[in-house]
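Sequence annotations record features per position, and here TrEMBL assigns domain 'EamA' to 15-140, 152-298. Per TrEMBL, the feature transmembrane segment maps to 12-32, 44-62, 74-93, 99-118, 125-144, 150-171, 183-202, 222-244, 256-276, 282-302.
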Amino acid sequence: MSRNSLNPPPHRLRADAALLGVAFIWGITFSLVKEALTDGPPCFFLALRFLIATIILSPFTLRGTGWPWRSGALLGILLAAGYITQTIGLQSIEPGRSAFLTGLAVVFVPLLGGLFRWDRLSRWDLFGTFLAWVGVTFLTGWIFHPGGRWQVGDLLTLACAVTFALHILVVGRSSPRHSILRLTWIQIVTATILLGAGAFIFEPQAFQQAGNPVSGSPTFLGISTLFLFAAAGTGLFATALAFLTQIRMQRETTPTHTAVIFTMEPVFAALFSIVVRHETAGLAEILGALLILTGIFSVQLGRSHQQNRRIKWQSIK
């Protein structure tokens with residue numbers, strides 16, 4: 001083993017620390033969003049969150065030419081669909097459970113890529129998928145009560161994971177041809193418009209509900225301060241700043257290394273929920289979470305090994 005592998009360069013350590021910080025922020029937002037949803041409906045919350053992110057990202061984006069409107073709009077549709085299913089699902093399941101189920105997006109990526117013939121499935125993909133699905137049966141309790149322990153929130157969050165996997169695949173095919181910053185800005189604007197329309201159509205009492213907080217939170221501008229704080233916090237830190245940090249720091253590390261770091265997101269979500277919300281987990285749920293994590297790691301590390309072999313073979317040729 002070389003000395004460099006034992007002592008990574010400072011810029012790599014800095015990138016790892018920043019990306020771990022992003023995973024931590026994303027993890028703790030599960031509990032924050034669940035608390036906020038007691039005071040307001042999901043579409044209104046998400047529309048406000050993405051509107052704030054749009055405003056923050058605009059100064060970094062609104063320059064130059066070449067706007068990928070079609071790709072960005074498609075990504076925005078997938079982003080809105082993923083977040084609304086996740087957020088509605090979060091109303092009926094615990095944050096830690098939601099985070100681990102959302103993490104299955106990593107497992108769905110190779111499966112959907114193989115289905116659309118955009119990628120080839122490997123043994124690692126199949127092995128990781130098997131472990132992850134066994135983990136889901138433990139986490140949801142389905143293995144002990146077949147068909148009787150699934151909740152609506154579980155199914156919605158699994159739909160969210162599939163949607164996020166499709167989002168990852170489309171990003172992979174679109175980003176090499178376009179500016180990542182503009183692509184992201186367009187998708188966030190699209191998501192804001194769709195979620196705002198959803199709130200207008202399906203949540204006509206949104207302002208009234210947010211102005212009469214169940215949590216007992218005081219109001220500001222006629223809206224629960226808890227609701228506003230959560231929307232502003234997730235819009236600023238978990239969307240705009242997290243995205244800018246990810247773009248900047250991924251230049252100093254590899255995509256696979258980044259993906260492995262981001263597997264800590266559900267771990268942070270579960271730990272934060274246990275500490276703050278006093279969420280409890282039985283042995284079966286802990287085992288399920290560990291199996292899901294192992295499945296995710298298997299897929300990621302298998303993909304890394306496959307990529308390294310491809311690079312080595314091309315260098316030989």
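Placed from the backbone N, Cα and C atoms, the Cβ positions cover glycine too.
Touching of the transmembrane segment (222-244) and the transmembrane segment (12-32) is concluded from the presence of at least three CB pairs under 8 A, sequence neighbours closer than 6 excluded. Helix, strand and coil content of the domain 'EamA' (15-140), in residues and according to DSSP, is 101 helix, 0 strand, 25 coil. Ranked by number of Cβ pairs under 8 Å to the transmembrane segment (74-93), the listed stretches 12-32, 44-62, 125-144, 183-202 are led by 183-202. Taking residue pairs at least 6 apart in sequence, the transmembrane segment (282-302) and the transmembrane segment (125-144) share three or more C-beta contacts under 8 angstroms.
Against the transmembrane segment (44-62), the recorded stretches 12-32, 150-171, 183-202, 256-276 differ in Cβ pairs under 8 Å, and the greatest number is found for 183-202. Against the transmembrane segment (256-276), stretch 12-32 has more CB pairs under 8 A than any other of 12-32, 99-118, 183-202, 282-302. When each of 12-32, 99-118, 183-202 is scored by its Cβ pairs under 8 Å to the transmembrane segment (282-302), the top-ranked stretch turns out to be 99-118. Across the domain 'EamA' (152-298), the DSSP tally of helix, strand and coil residues reads 119 helix, 4 strand, 24 coil.
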